[in-house]
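In what follows, a single structure is set out as structure tokens and then discussed.
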Amino acid sequence: MAMIDEPLYPIAVLIDELKNEDIQLRLNSIRRLSTIARALGDERTRKELIPFLSENNDDDDEVLLAMAEELGVFIPYVGGVEFANVLLPPLETLCTVEETCVRDKAVESLCRIGAQMREQDLVEYFIPLVKRLAAGEWFTARVSSCGLFHIAYPSAPETLKTELRTIYSQLCQDDMPMVRRSAATNLGKFAATVEAAYLKTDIMSIFEDLTQDDQDSVRLLAVEGCAALGKLLEPQDCVAHILPVIVNFSQDKSWRVRYMVANQLYELCEAVGPEPTRSDLVPAYVRLLRDNEAEVRIAAAGKVTKFCRILSPELAIQHILPCVKELSTDSSQHVRSALASVIMGMAPVLGKDATIEQLLPIFLSLLKDEFPDVRLNIISKLDQVNQVIGIDLLSQSLLPAIVELAEDRHWRVRLAIIEYIPLLASQLGVGFFDDKLGALCMQWLKDKVYSIRDAAANNVKRLAEEFGPEWAMQHIIPQVLDMINNPHYLYRMTILHAISLLAPVMGPEITCSKLLPVVINASKDRVPNIKFNVAKVLQSLIPIVDQSVVEKSIRPCLVELSEDPDVDVRFFATQALQSSDQVMMST
């Protein structure tokens, strides 16, 4: 009797847990379906477990979502591909529920199963399922069916293929906008499986219906279809069928549709090819750049560099640049910000002369924009312009603006400038850097904002790496060490941080002669925060300097700090002494 009862146990537990009031238990049970199926074996899973799941589909959405997901990977547990059809009924039911995410997951699982099914099973079980859903009384079934056609169609015999195309066409004219939206979303996938002969006739007529839909939510999904269909059609068909649609959409009465066109325009240009782009899509793009809705202008402005790359420099200068000038003074700060993030990329496209004459004034006006994000976006891409116009011109025109931004009232702008300084330094060279930017780098070490001081310390280290220890010894070290006497303890802490960063770059000699005495002197500071930071810095110097220096200078200082009245100072000093012992043992 025990032998018979044992296999029944897992299904009994599952049934109990699936009927439990606690949703967490029901969820756990569903997530363990594969374990239960393994315990039951293939045959009992097919005959007992799957029918049970088909009946128990009136549950919380969370449980149904987990079930839809689990069933998608269930083929091995029902005996392999030849029995895959038994998984279709529970998933078919889940395709009709009200919650969108459950339906989407059920469709995804059906697609995964359908992709593995044998051809005769697809014809016998899967295609009838698609037809049942497409004819469903409730719109949710029809919405789900649209995502299954691309799996069903390739295996269907000729008569069924015609029927499936007709059904899809009817779904595109459904009374419910949600069904038409789903049909528009999945049209590209379905079209990719349809034969070329029917692509131009059936699919294009379906597509034209969607593009003239009275709901803007359907039309904007048809915009995505333009790019997908454009890749499937021959170039001449693309120009004949897709291009007029794109041009019309760029003037659509709904701003959402125009926004979608602006967002997808680069992909659409690739679909129709270079010649039609120049003749038809440039005017459409110019219209979008001058659209009366700020959201459309933002999307269009963000694509300006990509679009210019398709065009010749002459066309870009003639048509696009005037719009870019207008956008640089747009009333919406978000439009200016979108433009600022990509405008630098136009420099290599337009070439040196056009950049100097036309783009440079726009850069400078955006660098002085009142909105910090606009200024930030320009700063972060300056190197693209430098490659085109050369450092001399960049330094003449942009350096005054950079110096001004170095003292910007928004700390994030100052931070962006600091992070850009090492790159600028490497391109300007030592001489130029000393004149203009050296003083700024020191000034940032005394900034009111910690992030700026921290970045400034890192900046000093990167400059020492760029120009070498000798240069740093002349231009950085004396000024940095002077600041250790600043009356404010936070600035003294920044200098200690800078010393710990500079020491590995400067090497043992300069560290021992110049940096170490300053740190040891700081251990006499009256502020505990300074003293425990001295202990941390000394710990970082131990591997750099000679062992005799550690014994003679560093350890005595740490021993003194380890007896400090402040608990944190004692902790970090002890930690540093332990580190020093480890270094001695290893050497």
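Every residue gets a Cβ built from N, Cα and C, even glycine.
Source: prediction; values computed, not measured.
Listed in TrEMBL for this protein:
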type	residues	note
REPEAT	10-48	repeat 'HEAT'
REPEAT	164-202	repeat 'HEAT'
REPEAT	203-241	repeat 'HEAT'
REPEAT	242-280	repeat 'HEAT'
REPEAT	281-319	repeat 'HEAT'
REPEAT	320-358	repeat 'HEAT'
REPEAT	359-397	repeat 'HEAT'
REPEAT	398-436	repeat 'HEAT'
REPEAT	476-514	repeat 'HEAT'
REPEAT	515-553	repeat 'HEAT'
REPEAT	554-587	repeat 'HEAT'
Cβ-Cβ under 8 Å with the repeat 'HEAT' (554-587): same-chain residues at least 6 beyond its ends: 516, 520, 523, 528, 531-532, 534-536, 538-539, 541-543, 545, 547
Reported mean pLDDT - the repeat 'HEAT' (398-436): 72
Secondary structure tally of the repeat 'HEAT' (164-202) (DSSP, helix then strand then coil): 30 helix, 0 strand, 9 coil
For the repeat 'HEAT' (476-514), the number of residues DSSP places in helix, strand and coil: 34 helix, 0 strand, 5 coil
